[in-house]
Amino acid sequence: MTETPGIVVTGASGRMGQMLIKTIQESDTAHLVGALERPGHDWVGRDIGVAMGGSEAGLLVTDDPLEVFAKAQAVIDFTSPDASVAFAGLAAQARAVHVIGTTGFEDHHLAVFKAAARHATIVRAGNMSLGVNLLTQLTKKVAAALDEDFDIEVIEAHHNMKVDAPSGTALMLGEAAAEGRGVDLKDVRDSGRDGITGARKRGDIGFTAIRGGDIVGEHDVLFAAAGERIVIRHMATDRRVFSRGALKAALWGQGKAPGEYDMLDVLGL
Ligand SMILES: NC(=O)C1=CN([C@@H]2O[C@H](COP(=O)(O)OP(=O)(O)OC[C@H]3O[C@@H](n4cnc5c(N)ncnc54)[C@H](OP(=O)(O)O)[C@@H]3O)[C@@H](O)[C@H]2O)C=CC1
Ligand SMILES: O=C(O)C1=N[C@H](C(=O)O)C[C@H](O)C1
């Protein structure tokens, strides 16, 4: 019998970390070889199953990425921008596929992934669900079909613990709309309106972020013209849609040539 790929989950105690661990434990296509938390975290040294409130899993949470990455075929990483950048170098060294779900990156972080992908296999997406990735394609098509008489607005809603805005998904959808329209998002992005903003600039792509309660993740792309509106909507109600997508990406990445891939590659969209 051939062994399934071994996976390390970083940020093991996080909302996504715990969901990823459950998804891997439920799967018969992969197995968990490591659960990583930052040094000083109170889960370090504890059994991961017990720390998550269940039964013993026989695997202790570690704070040593090098030691666990060396045992893994893939690292699934939903943490923070600086942590993901640090893990990229270590995953490349261990020759493990690095699946990055973290959002909130700035250009200097993205440059590190681009450089690492010369030698490493990275799959990175601000949203790992099938639904959202399909939505990016629909958004691109609709934006390409409509002219600037239609104002494009991306509206997102998330739980009150989210630290970045606009969400990674909102930016993916904005990029898709810009691509459909044949413009660079950097030139037309309008985020965070407040005060006397003046009238909306024709051709801009606007972003609005709502934060509250336990909203898992909701995204609307609004195309608004005089007399009619089109809304394309995705609503995530369960984080499993992200963890299942991430596991799919980790398996898809096995044996792939070095490069930076996204979920469109994984899903064949
Ligand atoms: N691409 C996608 O499909 C999705 C992406 N996300 C993104 O994933 C990220 C995490 O989200 P979420 O799980 O809700 O956030 P959480 O804050 O619940 O989890 C993040 C975890 O990462 C840990 N962490 C941070 N830095 C390090 C480090 N250096 N070493 C080890 N662990 C570290 C945190 O530990 P500590 O608490 O000690 O800081 C925490 O446990 C966000 O960027 C979010 O936007 C979320 C859902 C879906
Ligand atoms: O932080 C979250 O929770 C989520 N983050 C991702 C994003 O920034 O788009 C994906 C999902 O919407 C949940």
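Every residue gets a Cβ built from N, Cα and C, even glycine.
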Exercise. Need a hand: TrEMBL gives GLY11, ALA12, SER13, GLY14, ARG15, MET16, GLY101, THR102, THR103, ALA125, GLY126, ASN127, MET128 for NAD(+), which of GLU37, GLU67, GLU153, GLU156 is also on that list?
Worked result: GLU37
Problem set entry | Secondary structure composition of the domain 'Dihydrodipicolinate reductase N-terminal' (7-128) [DSSP: H/G/I, E/B, coil] | 44 helix, 24 strand, 54 coil
For this session: Could you check what DSSP calls HIS158 (active site, proton donor/acceptor) once collapsed to helix, strand or coil?
Result: strand
Exercise. For the binding-site residues GLY11, GLY168, which Cβ has the most other Cβ atoms within 10 Å, all shown protein chains included?
Worked result: GLY11
For this session: Filter the candidate list ARG38, LYS162, GLY168 of recorded positions, keeping only entries whose CB is under 6 Å from an atom of ligand 2.
Result: LYS162, GLY168
Problem set entry | Intrachain C-beta neighbours of LYS162 (active site, proton donor), sequence separation six or more, cut-off 8 angstroms | ARG211
